[in-house]
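Structure record follows, encoded as structure tokens.
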């Protein structure tokens, strides 16, 4: 057994996969632990009202974060993976992607700043929301897609730990009363900005790449090519954030704070799914024959892990200070939904997109997300935060189920085509 493992690790692909998984696992463990350190303190110090204002601000910014991301974490990652041996080509991909993100960031800020200053609900906490824009700028500039593409996840780990570490120290050192809630986005935003700038220095010096502003025509072409993946990334974020946003607008900041705290816990599972998907995507682009083994093992393992979290959730609630009567049912519905989104991640991202079926995934994502968007208001206004959780889970069920059905259809079609092609080749050879 040990010889078998040793032999596998000598394989360059497997070795890189293990290293990347370990690097991102360290990162995500840090991301899992820190919220459980800071969340109870923030809720106790700020109260659900002020924490809810932060959650509402984050849900507003998340719309624009999805715009500036534009699916580059998949499209640009895929390009870098295919051309990583050519420094000239990498410099072009790096430049056109970052130039595109700069244009999208500028457009987002032009929209969001007046929105914060004009809308009464936002104007009340305008300083907080304007400071959250620093997070948007930092996240937009951070070239995570590049490190994914070259499969050097260790850099992401180190840089992200710098962000979260600096933020956590600042929370305990500086936030002492409800009036200090503006420090939350100030600390997070400044950490993101610093690390984003540092990451570009690293990319240009370590990988010897050059950055230049790409012509607008190239940017437009890049955005057109990436549009299907933009829809795939934007629409789920759109209905997800709309749910949190509507809870804050319809039910108040306190309910938004409660819902945000519960989602922070369920985010444990989202983080795990994110790690696995990020690590295996470039690998499955190169080794499509490994999809069957990966999908079976991962889906079974995730169901076991999510069920375990559901069993211990009340202990976690007590630790954080959540005692609302609707909290448990809200939590369980959200956990069920994450299992559906894992199926979506497996069959859409790591099968369909890895094989270039971007437009099919776009249609699946668009229809499911639009459904979730349309059902959000009636469910939230009728059932409160339970309705919000049900809305998210229902849309995730549609996404996961549709992605699986498309996988079955395309996989069967490919198998028939390959079988027919093999038969024809045999007949052709017999003639000779």
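Counting starts with 1 at the first residue shown.
Glycine is no exception: its Cβ is also placed from the backbone N, Cα and C atoms.
TrEMBL entries are annotated by machine, without manual review.
As written in TrEMBL, here are the features:
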| type | residues | note |
| --- | --- | --- |
| TRANSMEM | 21-39 | transmembrane segment |
| TRANSMEM | 51-72 | transmembrane segment |
| TRANSMEM | 102-122 | transmembrane segment |
| TRANSMEM | 128-147 | transmembrane segment |
| TRANSMEM | 154-175 | transmembrane segment |
| TRANSMEM | 181-204 | transmembrane segment |
| TRANSMEM | 225-252 | transmembrane segment |
| TRANSMEM | 264-285 | transmembrane segment |
| TRANSMEM | 297-317 | transmembrane segment |
| TRANSMEM | 329-348 | transmembrane segment |
| TRANSMEM | 360-380 | transmembrane segment |
| TRANSMEM | 392-410 | transmembrane segment |
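By number of Cβ pairs under 8 Å, the transmembrane segment (329-348) is matched best by 392-410 from the list 51-72, 128-147, 154-175, 297-317, 392-410.
Among 51-72, 128-147, 225-252, 264-285, 392-410, 225-252 has the largest number of CB pairs under 8 A with the transmembrane segment (360-380). Highlighted: of the candidate stretches 128-147, 225-252, 264-285, 225-252 has the greatest count of Cβ pairs under 8 Å to the transmembrane segment (392-410).
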